[in-house]
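What Swiss-Prot says about this protein:
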type: TOPO_DOM; residues: 1-30; note: topological domain 'Mitochondrial intermembrane'
type: TRANSMEM; residues: 31-52; note: transmembrane segment
type: TOPO_DOM; residues: 53-69; note: topological domain 'Mitochondrial matrix'
type: TRANSMEM; residues: 70-89; note: transmembrane segment
type: TOPO_DOM; residues: 90-231; note: topological domain 'Mitochondrial intermembrane'
type: BINDING; residues: HIS164, CYS199, CYS203, MET210; note: Cu cation A1 binding site
type: BINDING; residues: CYS199, GLU201, CYS203, HIS207; note: Cu cation A2 binding site
type: BINDING; residues: GLU201; note: Mg(2+) binding site
Amino acid sequence: MNNFFQGYNLLFQHSLFASYMDWFHSFNCSLLLGVLVFVTLLFGYLIFGTFYFKSKKIEYQFGELLCSIFPTIILLMQMVPSLSLLYYYGLMNLDSNLTVKVTGHQWYWSYEYSDIPGLEFDSYMKSLDQLSLGEPRLLEVDNRCVIPCDTNIRFCITSADVIHAWALNSLSVKLDAMSGILSTFSYSFPMVGVFYGQCSEICGANHSFMPIALEVTLLDNFKSWCFGTME
């Protein structure tokens, strides 16, 4: 199904939950395409078939029954995977092994590891003269948020001033950061890598210059990074 919508679907997803969301998106696109074809054929039948059947008396009870059953079936086909995704997301929020507090500022992010005393830092976008070879422009930061893979992480998102949004498209993650409100979600990352995102809520003049860089690494490497950062 994903191959059919290649080029029109979401980005390549790097987590199990994001893959489910990608599949659900493609599944809904397939349903939408089927409904579009069916309605087009039905309109063609009503327009051109009227000339043939206008002199005959026709009972539409069976047609009315079908028009009631088909939408119900389509809604059920959407409801079952939607509830499954909602249930899976609820299971992710039941328990966590590490808590990271993310605070949005104009125009940078602050990270605080609540379970590791003293581990907190600010994350600013790197300027052009600070970039190393291979680092993406307008996306790389001076301090990445580093987390271990295969670990359930609870993120607590808030803001110190205006509304921001902590968003990582390749992970299907987007949560608003609002002052005075602590929004939480849990997530598990099955693969290592560096994932980039940006603030997705217009927050002022430099809104486009507060990127997000999330580095997922092995647990041993994460422990070494923690010790090195706190020294």
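Quick reminder: no glycine exception, Cβ is built from N, Cα and C everywhere.
Keep in mind that this is a model prediction, so the values were computed, not measured.
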Within 10 Å of the Cβ of MET210 (Cu cation A1 binding site), how many other Cβ atoms can you find? Include all protein chains, please.
21
Within 10 angstroms of the C-beta of GLU201 (Cu cation A2 binding site), what count of other C-beta atoms is obtained when all protein chains are considered?
17
Just to verify: the residue among CYS199, CYS203 with the fewest other Cβ atoms within 10 Å, which of the binding-site residues is it?
CYS203
Any further residue of that chain within 8 Å (Cβ to the Cβ centroid of HIS164, CYS199, CYS203, MET210) of the recorded Cu cation A1 site:
GLY104, GLN106, TRP107, TRP109, VAL162, ALA165, ALA177, GLN198, SER200, GLU201, GLY204, HIS207
What does DSSP assign CYS203 (Cu cation A1 binding site), in three states?
coil
When the pLDDT values for the topological domain 'Mitochondrial matrix' (53-69) are averaged, what is the result?
68
Around the Cu cation A2 site formed by CYS199, GLU201, CYS203, HIS207, which additional residues qualify by having Cβ within 8 Å of the site's Cβ center?
GLY104, TRP107, VAL162, ILE163, HIS164, ALA165, SER200, ILE202, GLY204, MET210
